[in-house]
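Visitor: Sharing a structure below in structure tokens format, with a few things to ask.
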Amino acid sequence: MENIMNNPVIGVVMCRNRLKGHATQTLQEKYLNAIIHAGGLPIALPHALAEPSLLEQLLPKLDGIYLPGSPSNVQPHLYGENGDEPDADPGRDLLSMAIINAALERRIPIFAICRGLQELVVATGGSLHRKLCEQPELLEHREDPELPVEQQYAPSHEVQVEEGGLLSALLPECSNFWVNSLHGQGAKVVSPRLRVEARSPDGLVEAVSVINHPFALGVQWHPEWNSSEYALSRILFEGFITACQHHIAEKQRL
């Protein structure tokens, strides 16, 4: 039987909620299970680890960084806009921005989903559409909350993969495919540090990667949903874990 303690250690940024009046940090099972099924060992990262001295001690122990989706949104002041964000999670923002920049500097693999993609965009100098529904040229990218969860995560629209990038290398036989869509915000301006990897039919950025980094991929859809049942989703997670294994090998050579 495989010893899971030999698997790449993946740090997963948590989300803050309130449970029975208590501040609580949580992770949804679907994100954790997708990492386990792909051969990784997920480790929860509470927001207090944003403290620089703690983060400096933590990063050498991690083989990959995983930024999951969340009901919360990135605070607008982080990308140069005014106004409040009612669905904010400042602790997550603080940890995510710090850990993205540190991971990029150390060339640690990153896989970012939904809010995670938006964090990757903001951390590298880009900005977001705060309300996609107010952009008349864009499709409806939100889910219908009245539907059962299985239907909310059903395929919603196609994405077109850009040639020559990380996503096309992972999916060489698949230049377009259908994805689910459960987000109210999205990438507005993408930094020159990022490569656009895929777009939806309305032109909205659906995937990005960091240029000159071995594996730093963000996707706007949710491949973690029943990831073991869908070949395309499995390939993304397995590609991430493979990159983490390569990072381990690089660390051992130093």
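FYI, residue positions are counted from 1 along the chain as it appears here.
Heads up, the Cβ atoms here are built off N, Cα and C, so glycines get one too.
Per Swiss-Prot, the feature active site, nucleophile maps to CYS114; the stated evidence is sequence analysis. Among the features that Swiss-Prot reports, active site is placed at HIS222, GLU224. What Swiss-Prot records for 16-250 is domain 'Glutamine amidotransferase type-1'.
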Visitor: In whole Å, how far is the residue listed as 'active site, nucleophile' from GLU224 (active site) when you measure between their Cα atoms?
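Guide: Spelling it out, the Cα of GLU224 (active site) and the Cα of the residue listed as 'active site, nucleophile' are 11 Å apart.
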Visitor: Using C-alpha atoms only, work out the spacing between CYS114 (active site, nucleophile) and HIS222 (active site) and round it to an integer in Å.
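Guide: HIS222 (active site) has its Cα 7 Å from the Cα of CYS114 (active site, nucleophile).
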Visitor: Measure the Cβ-based neighbour count of HIS222 (active site), defined as the other Cβ atoms within 10 Å of its Cβ.
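Guide: Its Cβ shell of radius 10 Å holds 24 other Cβ atoms.
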Visitor: Would you count the other CB atoms within 10 A of the CB of GLU224 (active site), including those on all shown protein chains?
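Guide: I count 26 other Cβ atoms within 10 Å of it.
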Visitor: Given the model, what does the mean pLDDT over the domain 'Glutamine amidotransferase type-1' (16-250) come out as?
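Guide: Mean model confidence (pLDDT) across the domain 'Glutamine amidotransferase type-1' (16-250) is 95.
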Visitor: Taking the Cβ of the residue listed as 'active site, nucleophile' as centre, how many other Cβ atoms lie within 10 Å?
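Guide: Excluding its own Cβ, the number within 10 Å is 24.
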Visitor: If you run the three-state DSSP split on GLU224 (active site), which class comes out?
Guide: coil
